[in-house]
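**Student:** Pulled the feature table from Swiss-Prot, pasting it below:
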type	residues	note
ACT_SITE	D28	active site
BINDING	D28, E215	Mg(2+) binding site
BINDING	29-33, R41, H45, 73-75, W77, R79, R196, 202-204	substrate binding site
ACT_SITE	N76	active site, proton acceptor
Amino acid sequence: MIAPLANSAVKPHKSASFVPRHVAIIMDGNGRWASARHLPRIAGHKKGADAVKTTVRAAAEMGIEVLTLYAFSSENWRRPASEVADLMGLLRLCLRQEMHNIKERGICLKVIGDYTRLDQDLVALLNQAIEITANNTRLTLVFALNYGAQDELVHVTKRIAEKAKEGQLDPENIDVGTIESLLYTHDLPPLDLVIRTSGEKRLSNFLLWQAAYAELLFIDTLWPDFGSETLKAAVEEYARRERRYGGL
């Protein structure tokens, strides 16, 4: 945990090795951004969608391999139905507008979480975007939709129990690799950096297993104000840290 990032100019990286392969962002602060401007919450979400576009572009330019965005948690269903509808409508609109741009820019789209609970037309749009971008390699963009880390671990536990019951897995052979092979993120590189905006300092049920040895960065910037310079500053901070993975 560090102090909020300064708004100073960012120096170029010395080497691509300083760039994290896998960055995840808890995009927080849309509502507060809107409230501060006496605007409806949907205005903050729309501005947040613009920040997503800017950040995806910046991540690709910086050489980040995977960008995972906490777009809609399994707990977000508790929000007012009108706000949930607005969020789903915004996601639907963005997918329709950006799907082919994403494909042309070499971005591969993936989704983690039980997104089949979303409206069926939205599920179809997501599946279409996943399919047409599957062979892209410039950047993998992962949306966490109807995602909760505790639900993910329950899902993994059930899968392991089923395999053991069917004789496909000896309980004595269950290890870290067994669990990781069944996570939603099993085909992604290890998580290097988690960024949370808006000043809140918690993970909110996001990638709890994957974040075991990730660097955590909490910044005061509200998500709608997040941009390429903010991401560069976060990567600069990551590059200054020494990752020990429990060692000395």
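Including glycine, each Cβ sits where the backbone N, Cα and C put it.
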**Student:** Other Cβ atoms within 10 Å is the metric here; tell me which of the recorded positions S74, N76 scores highest.
**Tutor:** S74
**Student:** Which of these binding-site residues has the least crowded Cβ, counting other Cβ atoms within 10 Å: G29, G31?
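**Tutor:** Selected from the binding-site residues G29, G31 on minimum Cβ neighbours within 10 Å: G31.
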**Student:** Are any of W77, R196, L203, E215 (the binding-site residues) within 10 Å of D28 (active site) when you go C-alpha to C-alpha, and if so which?
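**Tutor:** The binding-site residues passing the 10 Å Cα test are R196.
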**Student:** In which DSSP state, out of helix, strand and coil, do we find G29 (substrate binding site)?
**Tutor:** coil
**Student:** Could you give the Cα-Cα distance between S74 (substrate binding site) and E215 (Mg(2+) binding site), in whole Å?
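**Tutor:** About 24 Å separate the Cα atoms of these two residues.
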**Student:** Taking only the Cα atoms, work out how far G31 (substrate binding site) lies from N76 (active site, proton acceptor), in Å, as a whole number.
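**Tutor:** A Cα-Cα distance of 13 Å.
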**Student:** Per residue, counting other C-beta atoms within 10 angstroms of the C-beta, which of the binding-site residues W33, W77 reaches the highest number?
**Tutor:** W33
**Student:** Counting only residues 6+ away in sequence within the same chain, which have a CB under 8 Å from the CB of L203 (substrate binding site)?
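**Tutor:** L203 (substrate binding site) has long-range Cβ partners I26, A149, V194, R196, A211, L216.
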